[in-house]
Amino acid sequence: MAFVPAHATSQRARNDGIDLLRGLSILFVVVHHLALKFRLPLGPSLLGDMLPQRIVNGLSFNGYEAVFVFFVISGFVITRRSLERYGSLDHMRWRNFYALRAVRIFPLLVMLLAVLAVMHWLAVPGFVINKPGQSLGGALASALTMTLNWYEGRTNWLPGAWDVLWSLSIEECFYLAFPLVCLVLRGHWRILALAMLALSLPWTRAALQGNEIWQEKAYLPGMAAIAWGVLTALAMQRVTLPRVIARAIGVLGVVGLLAVVFFGDVLWNALHDGVMLVLCASAACWLAAAHGSTRAVPRTWQWLTRMGRWSYEIYLSHMFVVLAVTPAYLALAGGDMRWTFLVYPPVLVACTFLGGVLHRCVSSPAARRLMRQEAAPGAASTA
């Protein structure tokens, strides 16, 4: 099977349906971190008085679920791109795969860690690591060795801008193993292993009750969600959905996601940790419906697709905005929480702007350098 150069696959049009789901996910993450009761919650605001409590809670407290949707998206997109790039997972070029992941993740991550270290040394409120058993060196080492979630589980929550890196540790671990699994397990054995991992999610999560941090941030539940995305991409490689079927599956995905967001308590009473399967299956349905689509989303929603395109950069940087706006509001309004809802639109705009700047100035240049190296004569043979 011919090796597809990186610059060829990079030129294909982005999928607005996938970027829209990414955008919704990062929106829920940002809102969640701003809406926590010790920051600027929506519940006590005038908007909270007007909207049903179920809607307010659904908008405010689904950041964790949104991260699991990100896991599903990540598994889907990485697998789809690997299939385009290598033709088959059997022919995966692991060195090239690792290089691509490193270029995507580490330039921004290293810059973020440098900024966080400086803010710790300057004793900036909200950025100082000072809990028992924690240190700047320990946090840096864990962030660079895919163990920050483990570090928090053993010590305690890190400051907010550090804490978001837990999900990156899970993704990095999965993608460290992914090429090796693809090269060792072939055909039905690979599918069986991925399916077992995907379906294990409720049990691997339930087994960790008693440690809230570790239950939320353990490796296996997050990897199970990524496996849902991988399996969906493999299925879409083999199947072309008729438009009517694709729309029906898409509607099913939307209904499932809405049910988890706004009726999660009802589903929990019936399914307990099985709710996470509903979440991942619904995200997989959305991705299956969006796969192969060239339709652009209406202009009304293009701001969300833009957030989706910059979701990695927004995810890593949004806490700087949240942690700056919260004390500013409290200094101006004191304990008056009636107007907190007015803060959310400018925060989302600021987070999107910052993410866009980081994408253009940090992530994109690094990706272009790798593409130029791969396009150079002889690069394909050494990748």
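Placement of Cβ uses the backbone N, Cα and C atoms for every residue, glycine included.
Taken from TrEMBL, the feature domain 'Acyltransferase 3' covers 16-358. Computed over the domain 'Acyltransferase 3' (16-358), the whole-number mean pLDDT of the model equals 95.
Same-chain residues lying 6 or more positions outside the transmembrane segment (20-38) and placing a CB less than 8 Å from one of its CB atoms are 59-67, 69-70, 73, 160, 261, 283, 286-287, 290, 297, 301, 303-309, 311, 314-315, 318-319, 322, 325-326, 343-344, 347-348, 351. Positions annotated as transmembrane segment by TrEMBL: 20-38 (among others).
Marked as transmembrane segment by TrEMBL: 58-78 (among others).
Only residues 6 or more beyond the boundaries of the transmembrane segment (98-123), in the same chain, are considered here, and those with a CB under 8 A from a CB of the stretch are 6, 129, 136, 140, 143-144, 161-162, 165, 168, 172, 175-176, 179, 312-313, 316-317, 358, 362-363, 366-367, 369-370, 383. Look at TrEMBL and you will find 98-123 (among others) tagged as transmembrane segment.
Within its own chain, the transmembrane segment (173-198) has Cβ neighbours under 8 Å at 75, 78, 89-90, 92, 94, 97-98, 101, 146, 219-220, 222-228, 230-231, 234, 280, counting only residues six or more beyond its boundaries. If you look up TrEMBL, you'll see 173-198 (among others) marked as transmembrane segment.
Residues of the same chain lying 6 or more positions beyond the ends of the transmembrane segment (218-236) and with a Cβ under 8 Å from any Cβ of it are 68, 71-80, 83, 89, 149, 153, 167, 169-171, 173-174, 178, 191, 194-195, 197-201, 204-205, 208, 276, 280-281, 283-284, 287-288, 291-292. As annotated by TrEMBL, transmembrane segment applies to 218-236 (among others).
Within its own chain, the transmembrane segment (248-268) has Cβ neighbours under 8 Å at 17, 28, 54-55, 58, 62, 65, 69, 241, 275, 278-279, 281-290, counting only residues six or more beyond its boundaries. Residues annotated as transmembrane segment in TrEMBL: 248-268 (among others).
For 274-293 (among others), the entry in TrEMBL reads transmembrane segment. Listed as Cβ neighbours of the transmembrane segment (274-293) (distance under 8 Å, sequence separation of 6 or more from its ends, same chain) are residues 15-18, 20-21, 65, 68-69, 71-73, 76, 80, 198-199, 201-202, 205, 221, 224-225, 228-229, 231-233, 235-236, 240-241, 246-247, 249-250, 252-257, 259-260, 264, 267-268.
Note on the transmembrane segment (314-335): residues 26, 29-30, 33-34, 39-40, 70, 108-109, 112, 125-127, 160-161, 163-165, 307, 343, 346-347, 350-352, 354-355, 358 of its chain, located 6 or more positions outside it, place their CB under 8 angstroms from a CB of the stretch. Per TrEMBL, the feature transmembrane segment maps to 314-335 (among others).
Residues 27, 30-31, 34, 40, 42, 45-48, 107-108, 111, 303, 306-307, 309-311, 313-314, 316-318, 320-322, 325, 329 of the same chain lie 6 or more positions beyond the ends of the transmembrane segment (341-362) yet place their CB under 8 Å from a CB of it. Annotation source TrEMBL lists transmembrane segment at 341-362 (among others).
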